[in-house]
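Straight from TrEMBL, the features:
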type: REGION; residues: B:1-20; note: region 'Disordered'
type: TRANSMEM; residues: B:28-51; note: transmembrane segment
type: DOMAIN; residues: B:85-291; note: domain 'ABC transmembrane type-1'
type: TRANSMEM; residues: B:89-108; note: transmembrane segment
type: TRANSMEM; residues: B:120-139; note: transmembrane segment
type: TRANSMEM; residues: B:171-191; note: transmembrane segment
type: TRANSMEM; residues: B:218-238; note: transmembrane segment
type: TRANSMEM; residues: B:272-292; note: transmembrane segment
Amino acid sequence: MATSTAERSTAGPGTRPHARRSVGRWFANRLVLFIGILVLVYTFVPIGYIIALSFNQPTGRSATAEFDAFTWHNWASICEPDGLCDSLKLSLGVSITATILATLLGTLMAFALVRHSFRGRGASNLVIFLPMATPEVVMGASLLAMFVSLGFDSILGFITLVIAHTLFCLSFVVVTVKARLTGMDSRLEQAAMDLYANEWQTFRLVTLPLAMPGIVAAALLAFSLSFDDFIVSNFTAGQSVTFPLYIYGSKLKDFPPQLFAVGTIMFLVSFVFVIGGELWRMRRRARA
Amino acid sequence: MTSTAGVPPVAPEPVVDGETSRRRGWGWLLLVPGMLWLAVFFLFPTVQLVFTSLYDPSGSYETGYAMTWHFGNYADAVRDNFTLFVRSFMYAGIATVICLSLGYPLAYAIAFKAGRWKNFMLVLVIAPFFTSFLLRTLSWRTILSDQGPVTSFLQTIAVLPDDGRLLATPVAVIAGLVYNFMPFMTLPLYASLDKVDYRLIEAAGDLYSSPLTGFRRVTFPLSLPGVVSGTLLTFIPACGDYINAELLGTPKQYMVGNRIQAAFLTEHNYPLAASLSIILMAVVVLMVVFYVRRAGTEELV
């Protein structure tokens, strides 16, 4: 629709009586797009800073200052700062475990809520919604209070982190998968059953593939929420240090410039991941 | 919802009613593991937090706290931290409004104007947010710093006085909140706008409504579910956030989250921290319920 207006207005502005209006419309049509692109540029400003500073050789004690001199050193020595790579390993372990748990539990819940009717659906929906309406600081505080009162002080770390992360990811998984299941055409499954597929075959060959995009999206969301979490982790990590906790811990002391290299890697990996997924989907659609 | 009422409880029969194939039977069992997780690790600690908030405040971390049903904790918490609460809700509210006014054009552009660049733009919306938000907030600290480009630019065009600063002001804290919660606004808005039939908007134009009226009477009402869930997903985390206030502000800009965090982790004043948390949670839930009622949407998220 946007292109048809464009053709009309470029066909001959000035020659037609409505030329002025159509030039105005041409701009009006693109104004929103222009603003949208500006907003996108704004969201990328700190990323530009992070990438630039990953090549910075800081002269002062603080790496968050201005750009001093170019160097590859930060990229070659990512594991050099004490504990950085351990924190990355812990974060990856926690996030992967929590993502698997939350995706599994959440998908089952979404199926129950969309596909089955039972007493107490409303109450269940409320219980699932509540964690999302709870500020993170409250969730972290209540979890810590419980762990302490149960005498878990000594095991604060991986296990408590996984419990907490699974908890705050769970509701987001349910909501995301539910949205996908609600939009699905249930007649496809009925057709499979009519064609003598049994319940399991229908589920495996029809329902699951149809629900998959929702489940994958939910898992990605859960992973990114978990990997980037600071507030809840700050309460439940005990002495162990996840990657966000590591950044927070170094913000006042010497800030290792290697952190910017890790930030750049995180950005690039996710970017390649998402673009790759997009291309794969486009190719599949083209083949179909 | 109730259309399954007439369906007999014998499950395996395919339901003929095309809209919904919701079945009765043992399907609710799928809910059990997740619900257990929520009950043990969310409902139980929350109830326990309510109890903690009623402990005798004269106890201490070392001596332990006695349960005295001390409801005065709430009065004390509100009295001593009233400005913190007001500030938190004000900052979060302003940030939500700014997020909406930035996120709406972006979501609209992606849904209707991006053409074949649609998916690419969507990727660009989320891509920056895969990098650690602490790193991003720390870069804002550099960008907004006194020698930074934004401050000097604003001083050059005389918007800001020569000794004026951005960092360590409410402006910086709100800007940080806006930035960090942008995708939570943009994505629900996009999901909602994408479902809008563009022909309806064109029809409004065909019927001689000005673009503005068309937007006000057609586009915006149709995107309301996205506006509601976007504002909620922005406002709720923004209320409890304390990182932006800590990294971009000073104690003068601290929000209630900073206080809860300090009371819990450094002062070990559990009754105070718990009553602050419960008040924050209660106010947020009340606001959400009221807002959702007013907006008139049924589905919460």
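Residue 1 is the first one shown; counting continues down the chain.
Cβ from N, Cα, C; glycine included.
Unlike curated entries, TrEMBL annotations are predicted automatically.
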Can you tell me which parts of the same chain pack against the transmembrane segment (B:272-292), counting only residues 6+ beyond its ends and a CB-CB cutoff under 8 A?
46, 49-50, 52-53, 55, 57, 73-74, 76-78, 81, 85, 88-89, 228, 231-232, 235-236, 239-240, 256, 259-260, 263-264, 300
Beyond the flanks of the transmembrane segment (B:171-191) by at least 6 residues, Cβ under 8 Å:
91-92, 94-96, 98-100, 102-104, 106-108, 110-111, 122, 125-126, 129, 133, 136-137, 140, 144, 223, 225-227, 229-231, 233-234, 237-238, 241, 244-245, 247-249, 253, 255
Can you tell me which parts of the same chain pack against the transmembrane segment (B:218-238), counting only residues 6+ beyond its ends and a CB-CB cutoff under 8 A?
91-93, 95-96, 99-100, 103-104, 107-108, 177, 181, 184-193, 196, 200-201, 203-204, 209, 284, 287-288, 291-292, 295-297, 299-301
